[in-house]
């Protein structure tokens, strides 16, 4: 099959060894659209997609509609601009490196949960939400449960902000714009949350108290690959109870060490923050 066309031209460039008759025009159009949207900091309406690909609106309409129906592109709340979804990320999650991370995480998280007597979870991006993919339950007699597969809003959770903060700048900007627009539609000001994400990136972690449940301090570190991008977030909802043997400051350090260990599985490493962590 010929190589994928550059987005700046209509003319496909076939590899010398592959007959041009083997081309699949509809597939090539779809790949062109995905590659184009992956490079955009903001969404594009249909006419803009057509213009940037030097095609007519009629040529790209059906392909874009098919990509939307299959969940590869989506429109932001209240507009007609198409953005790349994270379905490709979901597909990549079945790729060996992510599977290896999840497999490696279970014994590490089980050991950590036993040490700190807290539930610990790993979450990944799932559209506009986070999805819990690994859970190690709290072995203590008192605690609470986080269900495997739980989905939560990106901006309003420690794991979500951590995941956004350590994405490539174009992906981070697109997520902030789309999610910020949704908040504005509900009459909420997204600026404090956007600024908080910048703080998470600067500090290397998120730490916040009483956000989801009173008495809970959510501590979250990214699990990064060799490029420093977050493939997942490791989060501990720390519950204070009278007989806690491991205090929050010690639990934070052990959580960091676990996140760094898992990052090394992906070829990355974390910068060590100052402990105890700040919630400001």
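FYI, residue positions are counted from 1 along the chain as it appears here.
Heads up, the Cβ atoms here are built off N, Cα and C, so glycines get one too.
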Of 1-21, 22-42, the range TrEMBL labels region 'Disordered': 1-21
Predicted model, mean pLDDT over the domain 'HTH iclR-type' (24-86): 88
Helix, strand and coil residues within the domain 'HTH iclR-type' (24-86) as assigned by DSSP: 34 helix, 7 strand, 22 coil
